[in-house]
Amino acid sequence: MGTLRKFIFPSLLIHLLLCTIESLEYVCSREDEDCFDRQMHPDLVRQGEELERSINPLEYTNNYWLNLSREFIKQQMNRQPNTSKAKNIIFFLGDGMGLTTVAAARNLLGGTEQKLAFEEFPYSGLSKTYSVDRIVSDSACTATAYLCGVKAIKGTIGVNGQVNMGDCAAGIDRNNFVESIAKWAMDAGKSAGVVTTTRVTHASPAGVYANIADRDWENDSKVKEACGTKSAKIEDIAYQLMHGEVGRKLSFIMGGGKQNFIDSSLYGNGKRSDGLDLIEYFQQEHPDNVYVETRNELMQVNLSEANRVLGLYQDSHMLCHLETDENTNQPTLEEMTIKAIEHLQHNENGYFVFIEGGLIDWLHHFNKPRLALDETIEFSKAIQAARQITSEEDTLIVVTADHSHAFSYGGYPQRKSDVFAPAPVSGKDGKPYMPLNYANGPSFSKFFDTESGQRVDPSLNIVGNTDDEFPSTWPMQWETHGGDDVPVYASGPWSHLFTGVYEQNALPHFMAYAACLGNGLTMCKT
């Protein structure tokens, strides 16, 4: 058998494996494949260290796992598809929340066996996130896909593939515009809203209401800078939120981004240059419109009497959860979610609301997994709250991500170990390595000494601070997105449609089918 294996194993691979392990105390011979296997899958326990004893003792028995499997089979067999018409749709978007992020975040709940709120949903699938022009997409074109049902060009929002990013002329051609499911919902008499932890004019939330050739055109100054004399006919994203066909009808808007709504001459941190104060416009539009800037103000709002609600809590993105304290007067995503549902449910025809945990993505870009994974937990809390105050009978809840990240989770850490601590053994260079790493990003220089050509001991830079940066393999100003499929979780009417592997742009069509929205195929028409 050993002779047979010798011929099956390509000699080139043998050479590569030998090179990989040449610095170990013992170098495997070409014929000893058992040795190779031991070194590729080592028993990584530090000398003198006992195995983790906080693991459920029953896990060491056959019956525990057999019973777990039996119960799951029973659960699946008893599951009956809900084919009622969906009155309400809550669409949760974890920006940048790929499968690696989901798996790593479970450790913050107490271990890998734990589940985030949306992992309890009865149905799940995978969505393919590529865009018309890119294998790895961004939050703008993906928003166009999962909200408008059409894939587009990277960097564009609410327009089809005929519009390139930054195309000032094609971007105002209404023939290239696509409508979002929020408009389909409002056309059917429902209310609609947007909640995010980023700027409300950022790429993901803008997909609800904007049609624009460049995600960066959040205010008029950006448009003028890019398009010059052609900018006169282009409505920036903030302007579209206040005056656009969809934006001006949204009942509930909440997040950050105050800077994009006010002229710099009227507000010190304002970014506009057209003399407008769009927040003042919102307040004057209707006597019962409510504008808030703090958590305290939000909690005091009488939502039953409010016409529309606008909350802007920061000039740019909201602070992430671990950056806040008892003196930070900013609501959590969970609190904003509850208030959104409380307000929108006053419409007897139902509602559509887009709710984004947007800072997961932002913090991965900085190579800061402690903060990114904590934002994932906050996102899960918001979903749990939404599920508790709505009925699965008439409310379809969909949870997904727009794209993944170049974020890896490996190194054979022990169960119940600190996922942010070094892996059990050192690398070939004798220095510790981390289970959580990035393929690229701004942290590269902290973890690799280019002069010596050697890694820096990561424990010198990862010291337990919430904003610790983790290692990246090659330098970039910002860590990049990933091109892998992202998970989709669903509960409520027609949630069984969300199983399988499908194009990302199928998502709004699934939701529209369940709630009889738009002009496409729906349960009402069939």
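Yeah, the Cβs are placed from backbone N, Cα and C, and that goes for glycine too.
Database features, via TrEMBL:
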type	residues	note
ACT_SITE	Ser139	active site, phosphoserine intermediate
BINDING	Asp95, His202, Ser204, Glu356	Mg(2+) binding site
BINDING	Asp95, Asp361, His365, Asp402, His403, His481	Zn(2+) binding site
SIGNAL	1-23	signal peptide
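The two recorded residues, Asp402 (Zn(2+) binding site) and His202 (Mg(2+) binding site), show a Cα separation of 13 Å. Cβ neighbours within 10 Å of Ser139 (active site, phosphoserine intermediate), excluding its own Cβ and spanning all shown chains: 27. Excluding the listed site residues Asp95, Asp361, His365, Asp402, His403, His481, the same chain places Gly96, Asp138, Ser139, Ile360, His364, Ala401, Ser404, His405 with Cβ atoms within 8 Å of the centre of the Zn(2+) site Cβ atoms. Between the alpha carbons (Cα) of His481 (Zn(2+) binding site) and Ser204 (Mg(2+) binding site) lies a span of roughly 15 Å. Note on proximity: of the recorded positions Ser139, Asp361, His403, the one nearest Ser204 (Mg(2+) binding site) is Ser139, by Cα distance. Packing around Asp95 (Mg(2+) binding site) is summarised by its Cβ count: 28 other Cβ atoms lie within 10 angstroms of its Cβ, all protein chains included. Non-local contacts of His202 (Mg(2+) binding site) by the CB criterion (under 8 A, 6+ apart in sequence, same chain) comprise Ser139, Thr196, Arg215, Glu218, Gly255, Gly257, His317, Gly358.
Separation of the C-alpha atoms of His403 (Zn(2+) binding site) and Asp95 (Mg(2+) binding site): 7 Å, rounded to the nearest whole number.
For Ser204 (Mg(2+) binding site), the count of additional Cβ atoms within 10 Å of its Cβ stands at 29 [all protein chains shown]. Across the structure, His365 (Zn(2+) binding site) and Asp95 (Mg(2+) binding site) place their CA atoms 11 angstrom apart.
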